[in-house]
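Trainee: This is the structure, below, for whatever I ask next.
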């Protein structure tokens, strides 16, 4: 531990999580454990289906499988520690552990925004310019787009970790959240963090608002094209193919942008935790449900795989 007067550079943090709700710890433990295991298994099923079923070897399912991979990393970086805290009551997290958790969180959040943007572009090409779909959405382009999301997310996450590692922390270093989230960590610092807040805002606009705007533009064009179709049956088919993606976009992008772009208010810290739960826990949980329940291809592929396994 490095000390500077009453301040410390590197020391264990304490994740307050939901420990204030002492009578609900068992309920929280069971709920979080169930959500973690279900998210893990459901996303693994999607990855396996996309890999093994030839009918799912399309750009849309390629991006969906990558979304499932990052969702698994997302919840694994955060939920096991929350489960441990609710089970043991030991809410300490080491400085390296906290930085690692923050890196994985920022990495996955960035990748998710970019992948959702690429999936919206895929739907735009499929519906608005279907004759050129196979020419535009080639395998090489899909792989390149997925690689771009990782290549942008990795340095973005490393930069956040580097900036936070240079901060001096004071007080008892209690993080009023259930994971090492950037904004909450900044509140504990005794250093000048104005430059980091500016960087956080700029990157939030570039990697959050800009992708969300591109998604909105894609769906504006999609809706415009679909409304020109005279057949009600075809309209329903096209809107149905986009429903799953729109649901995830509204849930994930809406809650994440609300959390990071709203003014910091100490009185709303418990509300912030609930918002964090939505985009950290519930979105990875709902992704496989939304895409599988509303998708005949995934449902049929699951049935075929079950029949093969039962033979």
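Every residue gets a Cβ built from N, Cα and C, even glycine.
What TrEMBL shows for this protein is this:
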type	residues	note
TRANSMEM	26-53	transmembrane segment
DOMAIN	42-291	domain 'G-protein coupled receptors family 1 profile'
TRANSMEM	103-121	transmembrane segment
TRANSMEM	133-153	transmembrane segment
TRANSMEM	196-217	transmembrane segment
TRANSMEM	238-261	transmembrane segment
TRANSMEM	273-293	transmembrane segment
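Can you tell me where each of these features sits in this structure?
Mentor: Using a Cβ-Cβ cut-off under 8 Å and counting only residues 6 or more beyond its ends in the same chain, the transmembrane segment (26-53) has close neighbours at 18, 61-62, 64-65, 68-69, 71-72, 75-76, 79-80, 82-83, 86-87, 281-282, 284-285, 287-289, 291-292, 298, 301-302, 304-305.
For the domain 'G-protein coupled receptors family 1 profile' (42-291), the mean pLDDT of the prediction comes to 87.
The list of residues near the transmembrane segment (103-121) in space but at least 6 beyond its ends in sequence, with Cβ under 8 angstroms from a Cβ of it, reads 60, 63-64, 66-67, 70-71, 73-74, 77-78, 142, 145-146, 148-150, 152-154, 156-158, 160-161, 179-182, 207-208, 211-212, 214-215, 218-219, 245, 248-249, 252-253, 256, 279-280, 283.
Listed by sequence, the residues of this chain that lie at least six past the ends of the transmembrane segment (133-153) yet keep a Cβ under 8 A from its Cβ atoms are 59, 62-63, 66, 106-108, 110-111, 114-115, 118, 122, 125-126, 207.
Within the same chain, residues 110, 113-114, 116-117, 120-121, 152, 156, 159, 163-164, 182-183, 186, 249, 253, 256-257, 260-261 sit at least 6 positions outside the transmembrane segment (196-217) and bring their C-beta atoms closer than 8 Å to a C-beta of that stretch.
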Trainee: Six or more residues out from either end of the transmembrane segment (273-293), which same-chain residues have a Cβ under 8 Å from its Cβ atoms?
Mentor: 18, 32, 35, 38-39, 42-43, 45-46, 64, 67-68, 71-72, 74-75, 78-79, 105, 109, 112, 176-179, 181, 244, 247-248, 251-252, 255-256, 258-259, 299, 302
